Amino acid sequence: MACCGNCLCCHCCCRDEETRTPEELTILGETQDEEDEILPRKDYESLDYDRCINEPYVEVLEEMNNKCVLAVEECSEKGCLALSLLELLAFNMMFIFIASVLVLIEPVAAGSGIPEIKSYLNGVKIPGIVRLRTFVCKAIGVLFTVSGGLFVGKEGPMIHSGAIVGAGLPQFQSITFKKINFDFPYFRSDRDKRDFVSAGAAAGVAAAFGAPIGGTLFSLEEGSSFWNQALTWKVVGQRSQTETHANTHTQAIFLSLSLFCSMSATFTLNFFRSGINYNKWGSFQLPGLLNFGEFKCSDGDKKCHLWTAVDLAFFVLMGVAGGLLGAFFNCINKRLAKYRMRHVHPKAKFVRVLESLLVAMVTTVVIFVASMTLGECRDLASSITNNNTTVSLNEDVINSTIRQFFCPNKTYNDMATLFFNPQEVAIHQLFHQDGTFSPVTLIVFFVLYFLLACWTYGVSVPSGLFVPSLLCGAAFGRLVANLLKINLGMDIYSGTFALIGAAAFLGGVVRMTISLTVILIESTNEITYGLPIMITLMVAKWTGDFFNKGIYDIHIHLRGVPLLEWETEVEMDKLTASDIMEPNLTYVYPHTRIQSLVSILRTTVYHAFPVVTENRDNEREFMKGNILISNNIRFKKASVLTRAGEQRRRCQSMKSYPSSELRNVCDDQLAAVVPAMEEGQDMLQQMLERRHAPYPNLYPDQSPSEEWTMEERFRPLTFHGIILRSQLVNLLIRGVCYAENQSSATQPRLSYAEMTEDYPRFPDIHDLDLALLNPRMIVDVTSYMNPSPYTVSPNTHVSQVFNLFRTMGLRHLPVVNAVGEIVGIITRHNLTHEFLLGKLRQHYITI
């Protein structure tokens, strides 16, 4: 029995072992053969995907359902966030795309146009600046730019548009539309056109701000080349020592013309705006596009005051802050402009369009997100005070300038109220609605607006900078007013501080003083603001000038425009006209062959040529018996500057230059004339004697021979006048010439109307058909040259040369010595600050 029991136990154990699963064997450390299949293990846990629908879960479902219903109702009634943002982006980017395409058609239409107009009135010709196509692209483009939501203004383009109208209307003709061509031969010169362009710019300012006097002063302060800015600060009746009677008469005519145009523009705009908006034709209630509103205290509040003497101290500090902020704004914008010039403008044109679209997209997203996340929902039930005057709001009637922007009922979003209103409305709110914006909102708005406006100015769209600067500065001023009220408990008029902040920031950016003061006074219609605004603008300008120039001057400099400043530095008087003039002249004779004229015009780019003679026979024939100063023995002094002596002096000064190449430039020429100098002969007497003998160079188109001495290369030339390139081309095209065997009296004569018929686009010399001309024919230019242009002596100081050149609006200034010989010529390039600075360094090196 025991044996049987043992056998049964063994059998059971063996049976259990045979029935074990692979998992059990694995756990026990026993494995099957390699050929057996490996089954999944059971030590992995499963995840529970079943929902536990209990009471807390049901509550969550009910809350989500309520939110979804609310969101659907909100999207259906007021528009949801994503859809609103996409719609806003679509409209803004479409408008900016149209504006950018218009700028591609006419690139000069980009920007505000004030730097270009300032350069034009300074005497620099910028192609296409006052064309009809520029006007169309500018006027239409600025509409789409402002509508596209960019932080730009329309006042700058209006000034440019007014200048174009002023340039085009007096011509009574159109180059674009050939059929518009009236027989009106007047106002066909750069001088007349300059006056009308300046008057048009003044009219643009007057129409934009409703400030006719400010517009007139703007054209004087920012544009006019013949007006000295220092004269504006002098007492009425005091005259500059260098001011001539003719210049005074010109200024009087200009002032009358500009003021008349400004008044006409202001009243014309006022008439139509008042009639359209109020249906009261002839009421004249809206003088300008930008209206600051009326600054006044309530009749019942006797403690209210616009500003006090104590406030002037804060105004000065705000002027300093405005100058610093303006300098920082200009510095950033200058770096952005340089980046665009190096990396954007050299590429394909569509890259500029993409940049404009990028700016529009970023601006739209930033203001939308900032309004949603950083805006504060303020209660409409609380009264909105208008500068210490409480105005209760009707629950059913909400101010059209208040933006609810997804805030609950009876509340509004203060950030969206600033961002999603027209800039003029936002400025008006900052000036007149007290307590509607929190300090945090003003800080965020100022920072975002500052950065985006700085980035925007310079993209390829028509854009202005006046209104964005005013709005940014107004936010700064309201922030200062809130801090003074909250922290110091001062009883101040917040609108005044907002106005002073706007003036401080705008003055720090553009560096305008007198004209901007008058513009702001006329826009506010409050003469008592004259003193604080003037003080603030002066402090802002002085502070900003310590760091950099104004924004318009910066962009003019970046474009390489040779703009002449108001006056030169005192140190420049160490130089004279002989130091800065160009002694290498290309000249013509009173009677010159056609082949010589064609060769000169085709091989040079000069716009004027001196008319000279070389011997006494030609002089006597030209002057018809008059005694020339250059032949008077009384002026035969060795100290008289001549072209050869000036060239020798410059070659000797090159000896002191560090560069070995410059030192060796004139060695050969000096070696040729040193023996003559060692003989101790009077060089001027030699040149006067050689003057009566014929020279090898009979025609100016022949190049000097290498065997000629310096006196032969720079022989004395008696100056008789100056003739323009356009006049020479016109004479050649119209066949004004005579044959060798005929008298000059047989030459056809052109009238003034014929000479100015093609103004301002005179024909080019390359348009001339040479087959129609006889190269041996002679042209007599004596009747068409300017026989008495402004000239200076070689010893004239640079400050006198500069004042004469800028005040009289010259293009060429011949340098004539004491014996009537032209020794050089001065152009705008010779008077730029960079050129004078380089000559001053050479002067120090020579010394």
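Glycine is treated like the rest: Cβ placed from N, Cα and C.
According to TrEMBL, the feature transmembrane segment maps to 93-114, 135-152, 196-218, 306-330, 350-370, 440-459, 465-484, 496-521, 527-544. The feature domain 'CBS' is assigned by TrEMBL to 785-845.
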> Of the stretches 135-152, 306-330, 350-370, 527-544, which racks up the most C-beta pairs under 8 Å with the transmembrane segment (93-114)?
Replying inline: 135-152
> Between the transmembrane segment (465-484) and the transmembrane segment (306-330), are there three or more C-beta pairs closer than 8 Å, counting only pairs 6 or more apart along the chain?
Replying inline: yes
> Hey, which bits of the same chain come close to the transmembrane segment (135-152), Cβ under 8 Å, at least six residues off its ends?
Replying inline: 88, 91-96, 98-99, 102-103, 105-106, 109, 113, 158, 160-161, 164-165, 168, 359-360, 363-364, 367, 423, 449, 452-453, 456-457, 459, 461-465, 467-468
> Which range out of 306-330, 350-370, 440-459, 496-521, 527-544 gives the transmembrane segment (196-218) the most CB pairs under 8 Å?
Replying inline: 496-521
> How about the transmembrane segment (496-521) and the transmembrane segment (350-370): do they have 3 or more C-beta pairs under 8 A, pairs 6 or more apart in sequence?
Replying inline: no
> According to DSSP, how is the domain 'CBS' (785-845) divided among helix, strand and coil residues?
Replying inline: 27 helix, 15 strand, 19 coil
> Which residues of the same chain, at least 6 past either end of the transmembrane segment (350-370), have a Cβ under 8 Å from a Cβ in it?
Replying inline: 84-85, 88-89, 92-93, 96-97, 99-101, 103-104, 148-151, 340, 344, 415, 419-420, 444, 448, 452, 455-456, 459-461
